[in-house]
Amino acid sequence: MTASVSPMKRLYLSLYNFTVLFGWLQVLFLVLKTLKEMGHQNVYSVAQKPLLFAQTAAILEILHGLVGIVRSPISATLPQISSRLFLVWGILWSFPETQTHFLVSSLLISWSITEIIRYSFFGLKEAFSFSPSWLLWLRYSTFLVLYPTGISSEVGLIYIALPFIKASEKYCIRMPNTWNSSFDYFYIAIVALAIYVPGSPHMYSYMLAQRKKALAKAKAA
Amino acid sequence: MKVTVVSRSGREIVKGGIELNDSATVADLQEAIHKQTKKHPSRQRLTLPVQPGSKEKPVVLNYKKSLNDYTSGNSKTLTVTFKDLGPQVSYRTLFFFEYLGPLLLYPVFYYFPVVYQYFGYKGEHVIHPVQTYAMYYWCFHYAKRILETFFVHRFSHATSPLSNVFRNCAYYWTFGCYIAYYVNHPLYTPVSDLQMKIGFGFGILCQVSNFYCHIILRNLRGPAGEGGYQIPRGFLFNIVTCANYTTEIYQWLGFNIATQTIAGYIFLAVAAFIMTNWALAKHRRLKKLFDGKEGRPRYPRRWVILPPFL
């Protein structure tokens, strides 16, 4: 039993990584093609399906961490994936008014390049127990530019969505009700924005530490 | 006896070491370090050095013991590793401030409905009986906690890091306001009279039981907090390792049955999660300590915290 677990796990993780990689490749291709042919207003409508697929599939990464089939800590994975899902479903999908903004293009380009590098790195590592050194370098270096652009786009889009959230009252629960609770999506969005203030530098410094560790290890090897 | 005090990186903290008489205790060493470094003994964590890269936990020096207990053979020298724990506060101070917040903040929402005008509720405010009982229940609970802190609890550790005050206060004060906001809301929907009576009745029973559990735990320790780990016995401790947490969780369940707010249930879930982690750690520790070997008693089979679930 135990002998077959490892190959099965590796096969599953390889399939997972390459499937999601394909999704992100599609996103990048469609974004660049649309920008060239139709302009930024149409980027979201064209890339929506592969984007929703690729980003929602990342929920499995949280499960992988919980079950223990990957080593990455939940504390690092959970906030990152949660914020991405909040943006994809809670902002872009829920409020079509934000979909035509140019920040959608910068967001999707930042995300897709990051994820193409990341998933190809993990995919090769799982499938062939090896990944080229240049890919390792890209994995731990591109974030230096792509994190700031991605995070700025995320913050910008949440901010742009605020008036539409307030006006629509979407996802709001009002009192009175049996469970004596209320929920205001507008304030949730503001809290999400506030979390970015300490969250972004924290994630960035975490990645810098990871970079230092990974590149030092690669150098030693 | 000469004691060399080094940091975890190996740097000498007190230049030239500290000379103490042969019968000196760890407390004497801490006082000497205090004189040299101005770091109060409560901030000091002294351990025996471990080999770099070693996975084993360092031996922490007990302030009551003699330094000779930590030297090898007739050696008149000792090297200790010093770690500054940062500013400390007594546990009594910590608990007092974290419980004072909910005790003072909750009644603000009850007695000053004007608070709700800031949230856009301008209408008539009718106070339901359940809201009054909830306020008394809540205040009784936190007043009880404060009184227990000063007159019942005996602490094994004298102090806690100052940062814990801010963290714990943020937790209790925020949840206090969060729950008070909904329970005292002008648009609050009360539960049935029967449900309210069941909830508060069960809750009060659990609060009294919780107090008795704390009395049992108090009697396991000496006045100075000494006594180490012992098997708690009597009352609910015969069936649950952490009966004090059990009663704490179930009394909040009673409060939530009576008041029925999502905020209250979120608080219950978070508190239960935290206490379950503590209880599992304590249960493991007691089972490991009382293993039935070499004359030690065997830890009896018990629930950990939440009968009939865990």
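Start at 1 and count along the chain as shown; that gives each residue its number.
Cβ coordinates are placed from backbone N, Cα and C, and glycine is handled just like the others.
Automated prediction, rather than curation, is the source of TrEMBL annotations.
Feature list (source: TrEMBL):
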TRANSMEM  A:12-32  transmembrane segment
TRANSMEM  A:52-70  transmembrane segment
TRANSMEM  A:143-165  transmembrane segment
TRANSMEM  A:185-209  transmembrane segment
For this session: Among A:12-32, A:143-165, A:185-209, point out the range having the most Cβ pairs under 8 angstroms from the transmembrane segment (A:52-70).
Result: A:12-32
Seminar exercise, completed: Same-chain residues at least 6 beyond the ends of the transmembrane segment (A:12-32) with CB under 8 Å of its CB atoms are 43, 46-47, 50-51, 53-54, 57-58, 60, 64, 69-70, 105, 108-109, 111-113, 115-116, 119-120, 122-123, 126-127
Exercise. Against which stretches of its own chain does the transmembrane segment (A:143-165) lie, if we need a Cβ under 8 Å and a gap of at least six residues from its ends?
Worked result: 83, 87, 91-92, 95, 97-98, 101, 103-104, 106-107, 109-111, 113-114, 185-186, 189-190, 192-193, 196, 200, 203-204, 207, 211
